[in-house]
Amino acid sequence: MGTRKRTCGTGEKDNSLHLSRMGWNSYFQAQLQGCCSDDFLPARVVGVSKNSFRISNGEEEWRAVLAGRLMHPPHGRYPVTGDWVLAADSVIVKVLNRTNALCRGASGTHGKPDALPKREQVIAANLDTVFVVCGLDRDFNLRRIERYLTLVYNCGLNPVILLTKADLHRDPMPFVSELETVAFGVSIHVVSGLDGKGLLPLDGYLSPGQTAAMVGSSGAGKSTLVNRLYGKAIQATGSVSLRIGKGTHTTTARDLIMMPQGGMLIDNPGLREIAFWNDDGGVRAAFPEIENLAGACRFSNCRHMHEPGCRVLQAIAAGEILQDRLDSYHKMKRELAYLSLRQQKRADRVEKEQWKAVSLKIKALKKERRNR
Ligand SMILES: Nc1nc2c(ncn2[C@@H]2O[C@H](COP(=O)(O)OP(=O)(O)OP(=O)(O)O)[C@@H](O)[C@H]2O)c(=O)[nH]1
Ligand SMILES: [Zn+2]
């Protein structure tokens, strides 16, 4: 890897095949209209470390820095792993619009219900699949999986659940049955990073041009799966027993890895907090059985708390839906409603400040004109 110079796809060498293997498509191609100089090269961000980016065009990988004007508003957009950029030699001059992004509220809320995240953290961009990885050890937790599914749906992305460490059980199927009660219509794969069992069907998510990302708790077994899928140890893995308290993540960077299957995989450090930032109908998608029953409640604005004629509460009484599941639904709804209120308040405040700045500028201009 080094600095390099070469004209882009339209120039000296057509590397469109390599680019499309990396997920380049007509959506990104269309963004070159009118802005592509022959000195600009499309490349994908494969690694980020502070203000230095590793980018690749599928043939070569090199380091680049961000052009100064991209660091600040209104042009500012900080590239994340998976982003497509235009680079002039080793300077990123444009970050292309994303097809999607996996985002969460930046950590620091320490699980306090009132301490909602103050800003967004984009984990990765331009994804086809998000693997929600859960170890079949003490990591197995239906409520946490529900939360991951809601987060992924809220970003408009496709979740696939990987239940790993299956080698720890003679029969892991009871876990699947339990999970099926909260993961309607989501593909579930029972796998083992240790002996490689169950991994073959995952190749389908990693074919050329496809990008998948892994999320899950620290110690769930993500990096072990990456290594097994890759065919050799490329990611560091760590012992679960050594993970006590903070600072115990083995994976600390988000790298986009070119897989032998032809596609790309992004490993992620374990998420300590699964804080929401977006709300794109994730609760509706993650709790379809509750949403479907809600249509039969007596009141159209039924909150399924204690209203008469509530079909959801009837299902709880009949044991068709578990109380924990409804509690989880209510909690996420409340959280998202509060988040949306806070985001709206913040947007109003920013708009007010912008108007104030504009009116001050007009006043100053008028004064200047009068004094002339
Ligand atoms: N028995 C068994 N142990 C596993 C398996 N996969 C991972 N482990 C063990 O679980 C521990 C954590 O695995 P990692 O792959 O490092 O976990 P991770 O999710 O990448 O953790 P972070 O990088 O901290 O996010 C290690 O001690 C692994 O050896 C598996 O399939 N079976
Ligand atoms: Zn109801």
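From the backbone N, Cα and C atoms, a Cβ is placed for every residue, glycine too.
Taken from TrEMBL as is:
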| type | residues | note |
| --- | --- | --- |
| DOMAIN | 119-274 | domain 'CP-type G' |
| DOMAIN | 125-272 | domain 'EngC GTPase' |
| BINDING | T164, K165, A166, D167, G216, S217, S218, G219, A220, G221, K222, S223, T224 | GTP binding site |
| BINDING | C297, C302, H304, C310 | Zn(2+) binding site |
Ask   = Roughly how wide, in whole Å, is the group T164, K165, A166, D167, G216, S217, S218, G219, A220, G221, K222, S223, T224 that binds GTP, by largest Cα to Cα distance?
value = 19
Remark   = T224 (GTP binding site), DSSP three-state class -> helix
Query = Which binding-site residues, if any, among T164, S218, C302 have a Cβ under 6 Å from ligand 1, given in order along the chain?
reply = T164, S218
Request  = Could you tell me which three-state DSSP class A166 (GTP binding site) falls into?
outcome  = helix
Task = List the Cα distance (Å, whole number) between T224 (GTP binding site) and H304 (Zn(2+) binding site).
result = 42
Key: Per DSSP, three-state class assigned to C310 (Zn(2+) binding site)   = coil
Key: Contacting binding-site residues, sequence order - K222, C297, H304, C310 vs ligand 2, Cβ under 6 Å   = C297, H304, C310
